[in-house]
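Read the structure below first, then the notes.
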Amino acid sequence: MPAACESVLEDIEDIVSAEDLKPHDRQFVRRNVFPKVRKRNSQKNAQTDDEPPSDSIIPGVQKIWIRTWGCSHNNSDGEYMAGQLAAYGYKITDNAAEADLWLLNSCTVKNPAEDHFRNSIKKAQEGKKKVVLAGCVPQAQPRQEYLKGLSIIGVQQIDRVVEVVEETIKGHSVRLLGQKKDNGKRLGGARLDLPKIRKNPLIEIISINTGCLNACTYCKTKHARGDLASYPIEELVDRAKQSFQEGVCEIWLTSEDTGAYGRDIGTDLPTLLWKLVEVIPEGAMLRLGMTNPPYILEHLEEMAKILNHPRVYAFLHIPVQSASDSVLMDMKREYCAADFKQVVDFLKEKVPGITIATDIICGFPGETDEDFQETMKLVEVYRFPSLFINQFYPRPGTPAAKMPQVPAAVKKQRTKDLSQLFHSYNPYDHKVGERQRVLVTEESFDSNYYVAHNPFYEQVLVPKDPLLMGKMVEVNIYEAGKHFMKGQPVSDARVHTASISRPLAKGEVSGLTEEFRRSAQNGTKWKAQPCAEIPVKTQLSSWMALQLPWQQEGGGLKILSVSLALLAVLVMFYYGGMKTEL
């Protein structure tokens, strides 16, 4: 009996071609660099009957459960990974228990999110599930003890999720954490035209850039997403056009800081937005993502004009975090409370009815009672209809974690006090009796209503009538709550279909080209070689994947020539191995 063996693969990046200059052409292994093989006792480590050897596993047929935590950027990444896996043949399931592999897409903003992530890893391991980790936690700190031995897909490598999943299913632990670069310049990330499964077929989330220009002392996301890297305007516009052709009627722009968009590539956010509104069909809407005060200050006039556009929600998320200048300085937020107020006051004047959402951190290190009262006064004055209140959590590796901490009881009390203030006013009571135009896009959490949004991105619950989904309708507001209004459709009003095409079915893969459909029908898969008694070089074939259609760049001739050369090398290695055995 031949001795069993296993491949020790610390990181896929260790065997990627050194000649690979473009980020989308990284499909072949580096010459003369091979996975290490170590022999082990076959009796001690023999495969059990319910655990077949890796060479007998057929990738691309397993069930995968995907869990995503965190922001809309992370959710978009999760949708892209689901789309690629489904396009390749994997079944994406909502049932974690029946899944063969769990893909856990993490958030590193707060301790509770990472705790949920860690607990999910433990649960997967207890359930004997294969695990692939993604998102900001493993990207920022891949060497944490509880991540040891697990496969990781980096935030800029999501276009290679199929590779990582396949190798994980075969029993390898692989890690892809590199950055996308072109001629040495960091890119925004994976291509925007990847296959995707939208959580909501009516809503497309587009990441316009990754990273930011700040160095906030409390932020762990910076460690994962890095410095600002923006996508070109033409790529973003093309992605929007494709989305509308697939029945999308609402687009969300997302990033770690949308206001900083374009500073690294010689453009800016208003220029992008004016190009996008040109391709938004009648009845469809655009929602802007979070922007920090320093960068919006430079474009207030143009931003006011854009936010007044009938196909752009008059909504902006501008985190203030604290109204104390001394706290903002310790946070290294690069603005003062007066800057924030200037932005809000200007937009409220120029964009009547605009919704301003903001974030506040309670109990940042060094925050005094006087500092906190400044924040309370800010909320009392502006009465934000949407307020994200966060108790401070020190994140490992951040400067704020090393600062003298506010006692836990004080942080908890301040969070409670601010929450009570927020819930003391009702921002929508004065709107009862109004007639509003709303776009219906989703179902409420309790499944009793459909959820729509008016031009100010305020939530309006409407009757659960399937004829309303994806439609722009007029409603009479008859009730208001803290976070929503309820509206009754006006019987004599025009109902406008916002989508220019039939929306994709829930779970249907977006962005599949005819080229890919043909390759999928032909059953193109990676072919693994058995491990035992075959020369190490032969085992490279398990890593030499035919390039997926969304990874192709430069035409079929290039792929054909490289593939033929690769085939010749493999044949040579194979027959060389046969002679060795003989």
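Positions of Cβ are set from backbone N, Cα and C atoms, glycine also.
On a predicted model such as this, the values are computed, not experimentally measured, just so you know.
Record features, source TrEMBL:
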| type | residues | note |
| --- | --- | --- |
| DOMAIN | 62-170 | domain 'MTTase N-terminal' |
| DOMAIN | 198-429 | domain 'Radical SAM core' |
| DOMAIN | 429-491 | domain 'TRAM' |
| REGION | 32-57 | region 'Disordered' |
| TRANSMEM | 556-576 | transmembrane segment |
Composition by DSSP (helix, strand, coil) of residues within the domain 'MTTase N-terminal' (62-170): 56 helix, 24 strand, 29 coil
Composition by DSSP (helix, strand, coil) of residues within the domain 'TRAM' (429-491): 6 helix, 32 strand, 25 coil
Within the predicted model, mean pLDDT of the domain 'MTTase N-terminal' (62-170): 92
